[in-house]
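Visitor: Below is the structure I would like to discuss, written out as structure tokens.
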Amino acid sequence: MPSFGDFQPLCTHVPSYTWCNLFYRQIQQLDSSLLTGLSSSSDSAPVGVNPTCGIERVGNDGNIGNIADVVACALSMTVVVQLCWVTNRRVAAVGRTEFLSLLAIYFLTLPFQLLTTGSLLQQGTMPLVILTSIHAGLVAAFFVILLWNAVVATQLVEDGTISSLLPLTILTLAFFAATTYVSLDTGLGFTSALGPDSSDPLRLRNVALFVLTSVWPAASALFFLLIISYIVLFVLSEPKAVWFYVLASALFVLS
């Protein structure tokens with residue numbers, strides 16, 4: 001039965017789960033015979049570790065890769081650029097600089113999303129592990145900025161000033177560095193601390209990576225929703241606006 005920190009269910013049953021790129025390399029270096037089915041050949045292997053369903057690498061038997069992900073990333077980049085332009089024009093808006101930072105880092109995640117989940121690069125290669133690790137760091141940093149936007153909305157700190165931007169920068173860099181290192185260590189094996197479980201390596205167990213890429217994003221998104229809901233309901237007294245956040249949260253979970 002899977003336990004906390006096990007990626008095996010995700011890498012087997014969730015198509016194109018990004019962080020599985022790290023474990024494919026880990027298992028490949030440990031014992032490549034453990035990679036079976038779609039994962040048996042790194043030349044054509046999809047994202048995942050022994051997945052039940054996956055999109056094989058582009059060019060294999062005429063495969064075009066994860067074209068839906070490529071299109072979604074391209075459309076998202078266009079929308080984010082437009083949002084940045086609109087936000088930048090609202091000079092008097094509360095938290096404008098912090099929100100622009102959120103949009104900017106989300107924009108940065110999209111090319112990495114395309115490369116790490118688009119079935120474009122060969123599984124088990126160092127470039128894919130490095131790109132996936134940077135992607136993981138950017139995702140963790142994104143949720144730092146998301147939560148900080150909620151803090152700024154309370155106006156406990158003055159937005160756009162050093163009292164807001166300095167702690168935001170420090171926290172963002174800290175989460176980015178920590179998550180990127182944990183990801184690199186998982187995929188490249190700098191130390192044995194984040195290596196495979198000796199008794200059952202296919203559990204793909206890594207508590208640190210699980211916390212930084214799954215628990216932390218979920219927790220920060222939840223706290224963001226709670227803080228913003230409190231502000232909208234009890235400070236601004238705009239109950240109708242809460243439904244926009246509820247809808248956005250539902251779409252976030254579904255995506």
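Cβ atoms here come from the backbone N, Cα and C positions, even for glycine.
Sharing the features that TrEMBL gives for it:
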TRANSMEM  67-87  transmembrane segment
TRANSMEM  99-116  transmembrane segment
TRANSMEM  128-153  transmembrane segment
TRANSMEM  165-184  transmembrane segment
TRANSMEM  207-236  transmembrane segment
Visitor: Give me the stretch from 67-87, 128-153, 207-236 with the greatest number of Cβ pairs under 8 Å to the transmembrane segment (99-116).
Guide: 128-153
Visitor: Can you name the far-off residues of the same chain, 6+ from the ends of the transmembrane segment (207-236), with a Cβ under 8 Å from a Cβ of it?
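Guide: For the transmembrane segment (207-236), the sequence-distant neighbours (Cβ-Cβ under 8 Å, at least 6 residues beyond its ends) are 4-7, 19, 22, 136, 139-140, 143-144, 146-147, 149-151, 153-154, 175, 178-179, 182-183, 186, 194, 242, 245, 249, 252.
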